[in-house]
Structures are given as structure tokens and as C-alpha cells.
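Record features (Swiss-Prot):
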- GLU298, ASN300: Mg(2+) 2 binding site (BINDING)
- ARG707, ASP746, LEU748, GLU752, GLY777, VAL778, HIS779, SER780, GLN820, GLU832: ATP 2 binding site (BINDING)
- GLN820, GLU832: Mg(2+) 3 binding site (BINDING)
- GLU832, ASN834: Mg(2+) 4 binding site (BINDING)
- 133-327: domain 'ATP-grasp 1' (DOMAIN)
- 671-861: domain 'ATP-grasp 2' (DOMAIN)
- 930-1062: domain 'MGS-like' (DOMAIN)
- 1-401: region 'Carboxyphosphate synthetic domain' (REGION)
- 402-546: region 'Oligomerization domain' (REGION)
- 930-1062: region 'Allosteric domain' (REGION)
Amino acid sequence: MPKRTDIHKIMVIGSGPIIIGQAAEFDYSGTQACLALRDEGYEVVLVNSNPATIMTDTTIADKVYIEPLTVDSVSRIIRQEYPDAILPTLGGQVGLNMALALAKTGILDELHIELLGTKLASIEQAEDREKFKELCQKLGEPVPPSKTVKTVEDALAFGDEIGYPIIVRPAFTMGGTGGGICHNHDELAEIAKNGLELSPVTECLIEKSIAGYKEIEFEVMRDSSDNAMIVCCMENFDPVGIHTGDSIVFSPSQTLSDKEYQMLRDCSLKLIRALKIEGGCNVQLALDPNSLDYDVIEVNPRVSRSSALASKATGYPIAKMAAKIAIGMTLDEIKNPVTGTTYAEFEPALDYVVCKIPRFPFDKFPKADRVLGTQMKATGEVMAIGRTAEEAMQKAVQSLEIDEKDLYSAKAHKASDDEIEQKLVRPQDDRLFYLAEAFRRGYSLEDVHELTKINFYFLDVVKHMVEMEKEIEANPDDLDVLRLAKKYGFSDQTIAKLWHEYPDQVRDLRKANGIVPVYKMVDTCAAEFESTTPYFYSTYDGENESRKSGKKSVIVIGSGPIRIGQGVEFDYATVHSVKALQKMGYEAIVINSNPETVSTDFSVSDKLYFEPLTLEDVLNVCDLEQPEGVIVQFGGQTSINLAAGLERHGVKILGTTVKDLDRAEDREEFDQIIKSLHLHQPQGLTATTHEGVMKAADQLGYPVLVRPSYVLGGKAMEIVYSKDELEEYLHDHADIAEDHPILVDDYLDGRECDVDAISDGKTVLLPGIMEHIEHAGVHSGDSMAVYPPQTFSDEVEEKITDVTKKLALALNCKGIMNIQFIVRDGDVYVIEVNPRASRTVPFLSKITGIEMAQVATRVIMGESLEQQGYADGLAPEPEMISVKAPVFSFSKLADVDSYLGPEMKSTGEVMGSDHTFAKALYKAFAGAKMQLPENGNVLLTIEDRDKEKILPIAKRFARIGYRIFATKGTANFLKKNDLHVELVTKVHEDEQADDNILNELRDGKIDLVINTMGHDIEKNSDGFIIRQMAIQQNVPLLTALDTADALLKSLENRSFATDALK
């Protein structure tokens, strides 16, 4: 059926900020969908609150609204734009839930707006646990014994009836939010209560656990003519019981017999047809490893995280096809863009193995609960492609950018047998390394299977790699063993370690004997049809399929997996760098390992290499492509860390030189530059021993800021207020050494700001200064920021501009850089300089209209700022005021302290823009899901040193009609100052009392918590327990008084003053 001509304008709802469970995959799918709709001639209106995405670029849709994803806000845009239809199935769970909420308000019926793609009834049937169970039973498809409940009492009664373990699955949530496995009555009571609160329809499915079954996923497409096809079958390494987003996943399935595959395939197609889904959908199934029995787990009636993985694993662009199906086209009339000759109805065939491994945030949160279950905890993922499961898995481990570079973990090596068995039985994010360690200690496949329930085939893959380690170690410099090792994915670094050599020695031996990788094409059809996809992976098997073109080429290094401190913002910069290179006539080549992102869409660059971002893999691509050079400024710390090694091997680093990159990051060299330019910076000392750090802190006087050098996202950075706290910090971060010094800085309390600048060596352009709303001490990634600045004088802005220019020229910056300042008493202090793109690039690019990554790329390639039409100094400021607000995922991570400090904790961001600061703040808070009633109850739990500062804030809350709740000390202080305060008892005072602080939170009496009790790092401290309870109960929480002040500004703007005349 040809595309529809009765609709002209389509609204696409984006997925909002990145949180655990909903990461960059929706930027990728949303971007694809918008471009596909525009290709077909439709006018596209996009609504999304996330400025960090390619999707919210003005080139992606005809109209782009970066506005809060709330019913009010989206309804206002609908009334302004009058779209003919809305496409909600590409914005993750947020997009789906928004469509359902809009339908309930009646606006869609009132304005005759149609929902494209899967119909509302189908979405409800798939998402509503009870309706879905009834459908499966009607179709004769098996589901685990289960019951939908709306109260904790019903959950407990059903638990007693069917026995434990039990899985709780809240309705209409994503990433397993609020769910979990319960082994007893108490666990079920707690998880069911939490799940009911987090479900938008207060409903949970309680089902008998089938943990231990194989978990299989099918990515399925269907059109309105009932053509349906399987894009990809994926098999989880981990059995059922661990959320698929936290599981290692292989594609194609590795252990299914043809009979099992056809049985599960038929079930998936039967489900998508019965649900009448139009577009892409993900079917999750559980297969008994010992029989042909299976159960249907769930269907996601939308494009999902797995769809992004399936698209990259097969080369089949699911979101693009889903968008075309939504406008009435059928699979037999849509061309497959990979082959250009076959149609979209052909099921992809794979002649390689893909392995996905999740990337977890526990390097940032060492005290978090790391046990994996049905609630997702990973922030991102990596994917690798090889000819064998071993090769794909090894390459995926190398892509993770964690301490472990292969299957050997020093921590696992030190563990006792008991500890290893514990780790195998209760899976954590690092279980793979403990599996390998168990095999090194002689555990049999049967022993390990008994402990883990992981399929024997996958265990054999891990065991084979451990056996290969022994063979490599026993045969140093043996060429046959080297060939075999490379075939199974062992890196030069690992082989060098086993041979007690340097990686360069292994590389030289390899190259001298012609043991070099070939690059194979990902073509969706296992080479059955002619294909010209510029999408490659390396292997040591077969012929090379990547041919060097005659054009001059430049390699852009991506930023790897999404993690805290290095998010989708860096992918945004990578993609824009590619665009600039293409406009200048270069062949733009991307190397990256992240399946969720736009940069790994093969249609974005001229050539895509899906490879680990290690020195070895990047050098191998350089050896083949012989580029003009490599750009490292846009891939975050990942690419910067590769610069020195690449240069050492003769690869040209374009833009700022390696020597100058080092001068910015090396503390002593940087101090010299600051001194020579007569600039201010907080006094700081460097120490390489425990005693040295203690002495430095005494010399500077507390509080001090302590951190390791060379870090991203403020990792292991803390403000320390006493000797005891410093001792604890050093105990937690014991790896101080000559080459790992600790920096100790005088902590300056002032206004912090961020500047992104572009320099060509003569001219320095400052697109804008972003003022942080929180005082110094909160990491810039966790601070709210406003542009243009609201409290800086012209004189201060001039000083900031002057210092930026001096530093850019002194550091010989060529390209982009980021500087952070503290402004105190009119003086400007330099905190740090990052000689690369920062996470504020997308935000600032969108509000100033200066495509910073593109401008910087042109500078890197030799085009001056003047030639591009830019003048020296600060760019003119727009009339609109824009606020960037961080978004956190604390509800997904138990035991992570939500107190904000110099270590970054946010996973995403939103933006609010308007003509006044208060309105921009209101939109930013709304986008970050911090919408408060016009009057309500605020709980204040405040450090003694903050008591004076809280007084004006408390008075302002009282003036707009808020009731104030506080514990004894704060309450007495506020009462003395003529404020009416409701007294609550402390956490450990009378735990049964109705007015105990935790019971007040549990009973839903509190609308907002302001808690500044942050410097006790213990998990049983009052401050920590109150914060945890606020997060569990979904109560907005602030830990910085500046944020409370900003929130008040937005609330006051909505309220009317009621002041007596007398």
C-alpha cells in the first residue's frame, strides 16, 4: 500500500533525558524516524526535552521544540501546530506513556489527531499485564502463573498461594523500574509497594519466577497488510532473572536447535499479529533448557534498546522501517537501504557473531548495591563483532573501558573460593571475570553450571578462553599460537602480559609476519546479494573487504559506551565533526563501539568501523586507511587518552598537539602557565603519598577538594571537611603513587561557570558563558546552568573572556576547549581546562545557533575563524534565557548517595527556555520531573553550618503557602525567627511514631525534601537514610540550597503574593 496522502504534518514525541533504562538508543531511533518521514515528504514537528541529542537538531525536523515532556506542555504545542497525526512509538516508554496520557485528556479526539503506528488498544493490550496474559491464554501461548494486583495485600496473598521466588513487574514502566525478584514475604511486601507507586496505573503483575530458563529475544516487524518478519534473534548469556539490559547478549542465538528456533519464531509472529502491532516490536521469551517448554515474558510494542542493538547487529534500520510502516507503506515496497536491491521483507542473515556487554556505573558508585536482578542498572553498552563467540566476547570486554582489559581481574584473582562461589550464585556486574577465575582454579563446567544456571555452551566459550591463556603463556613468540590467539580475539596487550613483553613487541612481531586483521562488511544478507554498506568489523579470518578510496580521509574517534561523566553529548559532537568533514570534501571515517548511538549509524559517516576504542584497534584501522590524521577532540576522555599512543606510532593528531594536550592536563605544567600569565587559581598542592596528602590538607586548611589527576566526570573527587573524612577518602582510594598523584586544592566557595571556546591560534571565539546555579563544589555536570549569565557584571564577563583568550593562546589550542571558573568577589579563578569538547557543546550550540563542533572541526582542518565569519571574543547573547538541569537515576541504584558534590552522578539533562529566568527555570524543573504543587509541605533537614542560609528560603516557602516540617534543631532555630514549623521526630528517635520523619515520607505527606546533611559517608546516617527514603517514595529531593532558591523563583512566579498592608 503506498504511503498515505491524507496526512501532511506529523508530530514525533522524543524520549526525554537519558536515564538508566532509556539511553541513547532513542536518540538514534528518533533521528532515523524523523529523517525517514521527511524523506517521504511529510512536515515533521519534534517535541523532546533533551538538548544533548542529534534528534533535537534543527536539521532533523521541520520544527523542533525543546520543551518539557508533560501533558500540559505537549498539549500547548499540539494546539499551536495542529498536527494531523502523532507518532509515539519511537520515544521509548516516555513517548508511549505520553500518547496514552494525551488520549485520556480528550485532546486527540477533540482535534481529530490520529496516533500512527501501533494503535492505542494494541499498546494497552501489550503493556497492561492482565490484558496481555489473557491474550496469551486465548492464543494458547504459555505464560508463567501470575496475577495482576493493585494492593500489597493482594500481592502477598498470591505469593502465599504459588510460593517463592516471585517476580514483580510494574505496568507501564521501563528498564524494570520498581520490579524485582522476591525470595520471601518481606521482600515481596517492600518491592510490591514500591512497584505500585512507580506504575502510572498503580498496577503490578506478580508472577512465578522462571529464573534459570534461557532468555531469548526476537525483534519483529509487521505492517498494516499483516506482512511480518523477524529482523534478529538474540540470546542472553545470563539466564532469565537478570534484566536483558544488564545481560550479556549474543546474536544470532548460539544454543537454539532449529526446532526450538522455529517454535519461538512462530510464537513471536503469532503475538505481533494478534496484537496488530504496526512497526517494530520486541518479544521476550523464556525457554526451559531441558525441554521444549517455554513461556512468554513480555512484548514491548515499540522500538526499544534491543531494536537499536538489532539494527546495528544486522545493519537493518528498524526505526526507519517502523516510521515508513506507520505512514501506511508495506514491507514489500520499502527498499532495504543496505543492499539497495532487496526489499525490507527479506529477513537479515548473519555470517558473524555479535556480542553486547552492558556498561555499569559502579566505578563511580563503589558503595552501590551491585547485585543484578530484574531492575536495570547499566547506563550504556558496547557491541563487538567477530567470526566466533570467543572473538566477539573478547572484543566487547576490550571495548568497556574498565580496569579489566581481558577476562583476568586482579580482584577476582585475590578472592577466596567461597567469595567466588558467592559471586557466581548472586550475579553482579563483574560475574564474567569470576567465571573465568573459577575455571582457572579448576572448577568443572558442571560445577559452574550448577552455581549459575548459565548454558553449558556459553560456559565452554569462557573456559576455552581461559585454556587459550595457558597455551599462549606456555609458548612465547610462537607464531602459530599468535595466529590462533588473534583469531579468538586476544589483544596484543593481553598476549604481551602473558609473554612478559611490551604490547609494541607483539605488534611488531605480528606485522613482520603478516598477521594483520582483515575488515569484513556488515551487509544484512550474509553476502548473498551485492552490497555496498560502508560498515566494517575486524577479524583474523578470510579476505579484506574494506578498500581504501582515492579521497583524502580523516578518522574521528567516538566516545565509546554511555557512562556517567561521558554521555550522549560526546556522540553529538562526533556526528557534527563528521558532517563538517564531509562538507569540506573529506572522507569521514568513524571508529566507535556503542550500538545505541547516531555515530554508529552507517549512513552518517563515509565509513564506519565498529571496533573497541583501544590503541591496537585504532592503529590497525590507521594502517589500512592511511588517513590525513585523526581527530580526538570530540570523543571525551576516551579519545584524548589515545592521542599520545597514536602519535608515538606516527599517526598525526589533528588540532591541538599531544604536547599541548598534556600541558593542560599535567598539574605542574599547567600551574606554570597560570603563573606566567598572572592568572588566579585556587591554591593547590600535589601529593604522591598518604602522609603527603594529609600534610597538604593541613597546610591549606579545611575544607579541601581532593581528586586524582587525569579524570573525567569528577571521578573520585570529594570536598573533605575534616581529618577523619580525609582518612576515609584515602582508605577508599588507596592507589596513590608517583604516576597517580592526588591533587589537594583549597576549596573556594563562589559562583562557578563554564566556558566553551574555539581557537584557531590567533582568534578565540567564546560562543557563551554558562553560569552555574549551584555554588562551587557541585560537579558542573550535576549543576543547573543558565545562559546568558544572570548575576555576572559586564566587568566579570570581560575578565572571563580575557582569561579564556590568554589560556587558549598560551596552550596553543587549535579547535575546541572548555574552561571552568569560580567567580568570587569580582575576581575570576581558573579551576580547570579541558582541551577537548565538553558535555555542554550541544546545549550551547542549540541556543546560540553556533554549531560548535562543526566550527571547531573546520578550524582543526585549517580554516580560520575569520574565514568562517566569526570575530574574536564573546558572541552576542540572545534574548531567550535557557536553563540546563541535570536528571538523575537514583531510583534504579540502591545505596547510591544522592547528595551532590564534586563527583558527577547525573545520567542526563533537560533544557528550559523562555523570555524570563523564572519561566526558563520552571520549564527546566518540569522537564526534570520536579513539578511541585503551588502549595504543599516541605521538609527541611539542614546541617548546622547551613542554618543561617536556610532562614530566608524557609520564609519564602511560608509566604507562598507551604507548610514547613523540620526536626528539632532546625525547627527550634526557625521558630525563634517567627516561623510556624511542624515538628517531626528524627530517624532513630521513635521509629513507630506517626510523626517520625520516615513515616511522614512513607505516608505521602511531604512534597519536597531539602536535605544538606551530606558529609557523613556512612549508610546508616540520618542524612543518607532520609535521602534514600525520599527517592524510594518518589519525593523531589534537593541537596543544595542554591537549587532550592532557583526552585522558589519558579514557584513564586506562579503564585500570587498575599502580603498584609500592615
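A Cβ is built for glycine as well, from the same backbone N, Cα and C atoms used for every other residue.
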Of the binding-site residues ARG707, GLY777, HIS779, GLN820, ASN834, which one has its Cα closest to the Cα of GLU298 (Mg(2+) 2 binding site)?
HIS779
Calculate the distance in Å between the alpha carbons (Cα) of GLN820 (ATP 2 binding site) and ASN300 (Mg(2+) 2 binding site), and round it to a whole number.
43
Give the distance between the Cα atoms of LEU748 (ATP 2 binding site) and GLU832 (Mg(2+) 3 binding site), rounded to the nearest whole Å.
13
Drop a 10 Å sphere on every Cβ of the binding-site residues ARG707, HIS779 and tell me which sphere holds the fewest other Cβ atoms.
ARG707
Using DSSP and three states only, what is ASN834 (Mg(2+) 4 binding site)?
strand
Would you mind checking how many other C-beta atoms are within 10 angstroms of the C-beta on GLY777 (ATP 2 binding site)?
20
Any idea what the Cα distance is from GLY777 (ATP 2 binding site) over to ASN834 (Mg(2+) 4 binding site), rounded to a whole Å?
18
HIS779 (ATP 2 binding site) to ASN834 (Mg(2+) 4 binding site), Cα to Cα, whole Å, comes out at 14
Given ASN834 (Mg(2+) 4 binding site) and ARG707 (ATP 2 binding site), what distance in Å do their CA atoms have, once rounded to a whole number?
16
For LEU748 (ATP 2 binding site), just count the other CB atoms lying within 10 A of its CB, please.
21
Please report how many Å separate the Cα atom of ARG707 (ATP 2 binding site) from that of ASN300 (Mg(2+) 2 binding site), as a whole number.
43
How does the model score the domain 'ATP-grasp 1' (133-327) in terms of mean pLDDT?
92
